[in-house]
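These notes are about the structure you will find just below.
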Amino acid sequence: MIAVRHLTILGSTGSIGVSTLDVVARHPDRFRVVALTANKSVQKILEQCRRFEPRYAVLLDETSAERLQVEVRRAGLATEVLWGVDSLEKVASLPDVDTVMAAIVGAAGIRPTFAAAATGKRVLLANKETMVMAGRIFTDVVKENHATLLPIDSEHNAIFQSLPQHFSGDLRAVGVRRILLTASGGPFRQMPLSALENVTPGQACAHPNWVMGQKISVDSATMMNKGLEVIEAHWLFEASPEQIEVVIHPQSIIHSMVEYVDGSVLAQLGNPDMRTPIAHALGFPERIETGVNPLDMFKVARLDFEAPDFERFPCLRLAYQALASGGSAPAVLNAANEVAVDSFLKCLMPFTSIPAMIEDVMQTIGRRDIATLDDVLAADGMAREAAQEWLTCLA
Ligand SMILES: NC(=O)c1ccc[n+]([C@@H]2O[C@H](COP(=O)([O-])OP(=O)(O)OC[C@H]3O[C@@H](n4cnc5c(N)ncnc54)[C@H](OP(=O)(O)O)[C@@H]3O)[C@@H](O)[C@H]2O)c1
C-alpha cells in the first residue's frame, strides 16, 4: 500500500509551487495538501484552494488575507485563512504534515523553512537562500531534529542522484573527487560586455531554457544564481570550494555531474523542467510520473561546455569570495543581491550596478561570526540598510 504524504507548500503560487501542485495533482493516491501559502496572490491561491481543498491558506499580507477570507467563504470552502510570518511557521510545523516544500523566494523563506526543519519534516529545499544565509546553523537544526533535506534545485538534485545512496556527508569516503555544477550562462552569455549596461528587466528575465520567477531569472542572468548554488552545494554535500567547479553548459540538459577518483563521471540528464527534481523529492526513494517530455537525444544532438567568464559574471566571483570569508558574508551577499535585483527590476539602477552594489555592501559591512538564526537575520538587516543607502547615493 502507498503511504500518503501530507504536504505544506510554502510559496504555492510561484513557479516552483505551481509545478509542485502539477505533480501532486497527478498522484491523488499519494499526496494530500494540508496548507498552501503565498505573499499576496489572492486569486491564484483561491483557485488552488478550490482545487486542492487545503485545511489552511496563509498569506503574508494581512489585507490580502482578508480579501481571500471573503472569497473562500463565498466559494463555500472549509479552508481556514491565516496571515503573517508566525502563521507561515505554524503551517510549516503542523504535527500531521510530514513534508514541506520550501519554495518562498528569498530571505523571506528562512523562518518557515527553519520551522519545518526544527519539527523534523522532510524538507524539499527550493529556497536556496536559507542555505546560503545560514548554512551550518540550518544543517545543524536538520540533524538535531532528524529532519530530511532533499534538494530541489535541479543541479543539487542531480548531484544528489549521482552520489551513492549511502552518502552521509563525506565525499572522500565515497570516492568523489569533484562536483561539476552546470550553468546555462543565462541570456547574456554572448552579449558584448559594453551592451550589458543597457539590458532591460524583460531581457534579463527571458531565460533561454527555464521558465522561473523574476528574482531567480535575474540571478541567472548575472550568474549570482550559480554563486548561491556553489554555497548551497558546499553546505549540502560538505564540499570545499575547490571541490566545486562551475561548468557552463548552454543546453541545460545535463543538470550537474559528480566526478569520482577512478575517472568516472556520473551525470543526471533530462529536459529542463522543474517537475523532474520536484517529483524525485516528493516520491523519494520511488520514481513517479511527472508529465515531463522524454529526452530526445537525437533532437538535442550536441552538448557544449565552457569555463565561466568571471569578468562577464562578477557576481560569481563575489559568491566564491563570500564563501571563503564565511561567517555573515554569505548572508550579506544574499541580502545585498536581493535589494540590487529588486532595484534593477524596478528600473532604479542598471544591470551592471548589481555586482557593484553587492561588492560595496560586502566591503562596508565586513564579516562577523554568526552562531544563531538571530545573528543571521541581523546581518541580513544591516546589509539591506547599507544597500538602501547605496541606492540613495546613486539617485
Ligand atoms: N523557479 C525555478 O525554476 C527554481 C529553480 C530552482 C530553485 N528555485 C528557488 O525556489 C524559490 C522560489 O522560486 P520561484 O521561481 O518559484 O519564485 P516565484 O515564482 O517568485 O514565487 C515565489 C513564491 O513565494 C511567495 N512569496 C514572495 N515573497 C514572499 C514573502 N515575503 N513572504 C512569503 N511568501 C512570499 C510568492 O507569493 P506571491 O505569488 O503572492 O508573490 C510565491 O508564492 C527561490 O528560492 C528560487 O531560488 C526556483
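Including glycine, each Cβ sits where the backbone N, Cα and C put it.
If you look up TrEMBL, you'll see 7-135 marked as domain '1-deoxy-D-xylulose 5-phosphate reductoisomerase N-terminal'. For the domain '1-deoxy-D-xylulose 5-phosphate reductoisomerase N-terminal' (7-135), the number of residues in each DSSP class (helix H, G, I; strand E, B; coil) is 63 helix, 28 strand, 38 coil.
Residues near Glu129 (NADPH binding site) in space but far in sequence (CB under 8 A, at least 6 apart, same chain), listed by position: Val105, Gly106, Ala107, Gly109, Ile110, Leu228, Asn334, Glu338. As annotated by TrEMBL, NADPH binding site applies to Thr13, Gly14, Ser15, Ile16, Lys40, Asn127, Glu129, Gly213.
The annotation 1-deoxy-D-xylulose 5-phosphate binding site is assigned in TrEMBL to Lys128, Ser154, Glu155, Ser184, His207, Ser220, Asn225, Lys226, Glu229.
TrEMBL lists 149-237 with the feature domain '1-deoxy-D-xylulose 5-phosphate reductoisomerase C-terminal'.
In the three-state DSSP scheme, Glu229 (1-deoxy-D-xylulose 5-phosphate binding site) falls into the helix class. Residues or ranges marked as Mn(2+) binding site in TrEMBL: Asp153, Glu155, Glu229.
Summarising the annotation, TrEMBL assigns domain 'DXP reductoisomerase C-terminal' to 269-385.
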How does the model score the domain 'DXP reductoisomerase C-terminal' (269-385) in terms of mean pLDDT?
97
Pop the Cα-Cα gap between Glu155 (1-deoxy-D-xylulose 5-phosphate binding site) and Asn127 (NADPH binding site) into the table, whole Å please.
14
Could you measure between Glu229 (1-deoxy-D-xylulose 5-phosphate binding site) and Asp153 (Mn(2+) binding site) for me? Cα positions, answer in whole angstrom.
8
Using other CB atoms within 10 angstroms as the count, which residue among the binding-site residues Gly14, Gly213 scores least?
Gly213
Of the binding-site residues Glu155, His207, Gly213, Asn225, Glu229, which ones put their CB under 6 Å from ligand 1?
Gly213
Can you tell me how the residues of the domain 'DXP reductoisomerase C-terminal' (269-385) break down into helix, strand and coil by DSSP?
68 helix, 2 strand, 47 coil
